[in-house]
Amino acid sequence: MRILTIDTSAVASAAILDFDPSNPVKTAEVVANFVTEDTRSHAEVLAPGVKSLFGDPITEGPALDAIVVGTGPGPFTGLRSGIAMARTLSFTWGVPLYGMMSLDALAHQVFDSPEYRNGVAVAPLAVRDFVIATDARRKEVYWAKYSAGAQLLDGPHVGPADDIFGVQVFGAGAGLYEEVLTANRCSVYEPFAQAQPTALELGRAAARKITAAGSLEAAGLLDSTPLYLRESDAKVPGPRKRALS
Amino acid sequence: MSQENPLILGIESSCDETGVGLVRGTELLTNTVSSSMEEHVRFGGVIPEIASRAHLDAFVPTLQQALSDAGVTLEDVDAIAVTSGPGLAGALMVGVSAAKALALATGKPLYAINHLVAHVGVGLLDESIAAMTQGGQLPENLGALLVSGGHTEILRVRSIASDVELLGATIDDAAGEAFDKVARLLGLNYPGGPAIDKLAREGNAKAIRFPRGLTMPKYMGTAEAPGPHRYDFSFSGLKTAVARCVEGYEARGEEVPFADVAASFQEAVLDVITAKAVLACKEQGITTLLLGGGVAANSRLRELAHQRCLAAGITLLVPKFSLCTDNGAMVAALGAQLVMNGVAPSDLAFAPDSSMPVTSISL
Ligand SMILES: [Zn+2]
């Protein structure tokens, strides 16, 4: 099974992965990967990035089994550029489209990472429930709580890092608010303190879900509705302001 | 690709209309628009974030509808055109991302085009205008007056595909924005343009003398030595003047003559717009003026523009209303002109530009 994944919840990224849903032992093969550090120019860089994944998008695109897009949460404008891209590719190529919470990408990455001591792997990185937190700007984080097995327990939420207590916290949100989190008896693991969700990790997470369920349809993936979590800032105007005073 | 009569798919998302249009050369096949206007009513104006969310959800259904109405498939399309500016940054981003996806998925060339110039290009699609002009060409010595909720400009169009110049523009609010704000002062609903147009018909336009922005000699100068804002507009002072006027009546315990205020305000806006447009035409050798933008629906604007153009010997062209408001067909119409003139397509890496100047017809 070959899938294209796109995630623009933080950085602009896209990847193509190949895996066999009937073979849970074999890990997904990364066919092509594009990722940029930039969090502000998704509308420019994403299309050339996606194009670079293909030899010939016109023949290879329609042959994909699915497109999986990260549905956030993430800053709105960037997030939308990935979803607009994914929806339009899905329509044009006639390839089914699924969504996946972007924080799941980091959760599965944490689940896959062993903890090392003196160069020796001593345990899985997350042995208890843990939290993934990313930058929501405006002094807030997007966050969700996962079990040690990377199953979603609670969230996604948006709010101050101060809302999170007594767990290990991973992701760029943890790095940004390390002091607040430490004061709340949370621990922050340095190698994940700048980590952002990417399409590659989203693809690995999707491949694991699809393989565990045995098929794409049974994997319980979401649709492509963006997880904004915040309303627009618009306020219904109050009574008229007076020009004379 | 057919360069004589190309089939172009145009995408528009610069404000609150998600538009997809299909045009073959200068023939309009379909003009499908999905508007989020209803969602902005309670706010009294377009809320960019709400418009952007609506574009994302409307795009694929609007595209599907347009293709089915025109009876064409994506394979039939020769090129894709998309508004890359000017407009609301977040709203532009949705149409641009979708258009890039469409271009990459189909391998068709993509043109990133200027929204304001597209308001002029749409004239080529209008049957009554085509009947007055020569074989699918816009007239020579052409100018355009664009008036909407997002823009107020006077343009000179030497060539729709290669040479457009900005003669004048608003330095603060757009005219349509002024209508929306004053409508709120008068207790009328958004959008303010149609509401004020209707109420003004019952009022006396000469009842109150509101200021005409940027008409003083220090701004106007003379034809030989033009001032800094000879063809420019300003409407924010007018809005304040209306507020003071309404509050003056209230403070004196008098009933506010809403219809007179509406008519006098509308006259102040449209008087200065049409006077400056006609002045620009006379001084710049423009003999045909095309009207565009949503405010072109205003009955008093049409009336004044007709009178003043007639008196000055200028031919006035007004496309039908569905082509004046923001739509995808106008984007496709300009895209077709670019293809027919052999202009190179845009690189997939272009960035939308919320303040794209009219001199930049495509990126
Ligand atoms: Zn417009």
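Backbone N, Cα and C define each Cβ position, glycine as well.
Look at TrEMBL and you will find B:27-332 tagged as domain 'Gcp-like'.
Annotated Fe cation binding site per TrEMBL: B:HIS115, B:HIS119, B:ASP326, in sequence order. In the shown protein chains, 27 other C-beta atoms lie within 10 A of the C-beta of B:ASP326 (Fe cation binding site).
Within the same chain, residues at least 6 positions away in sequence whose Cβ sits under 8 Å from that of B:ASN298 (substrate binding site) are B:GLY193, B:ASP197, B:GLN266, B:LEU270. Under the DSSP three-state reduction, B:ASN298 (substrate binding site) is assigned to coil, being neither helix nor strand. The annotation substrate binding site is assigned in TrEMBL to B:LEU146, B:VAL147, B:SER148, B:GLY149, B:GLY150, B:ASP180, B:GLY193, B:ASP197, B:ASN298.
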- request: Enumerate in sequence order the binding-site residues B:LEU146, B:SER148, B:GLY193, B:ASN298, B:ASP326 whose Cβ-atom distance to ligand 1 is under 6 angstroms.
  value: B:SER148, B:ASP326
Message: List every residue in the same chain as B:LEU146 (substrate binding site), at least 6 positions away in sequence, whose Cβ is under 8 Å from its Cβ.
response: B:LEU116, B:HIS119, B:VAL120, B:THR152, B:GLU153, B:ILE154, B:LEU155, B:GLY292, B:GLY293
Task: Averaged across the domain 'Gcp-like' (B:27-332), what pLDDT does the model get? Just tell me the whole number, please.
output: 94
- request: Would you mind pulling the longest C-alpha to C-alpha span across B:LEU146, B:VAL147, B:SER148, B:GLY149, B:GLY150, B:ASP180, B:GLY193, B:ASP197, B:ASN298, which the record has binding substrate, in angstrom?
  value: 18
Message: Can you give me the same-chain residues 6 or more apart in sequence from B:SER148 (substrate binding site) with a CB-CB distance under 8 Å?
response: B:ALA174, B:ALA175, B:GLY176, B:GLY292, B:GLY293, B:GLY294, B:VAL295, B:THR325, B:ASP326
- request: Please report the DSSP secondary structure of B:LEU146 (substrate binding site), reduced to three states.
  value: strand
Query: Roughly how many angstrom lie between the C-alpha atoms of B:GLY150 (substrate binding site) and B:HIS115 (Fe cation binding site)?
result: 11
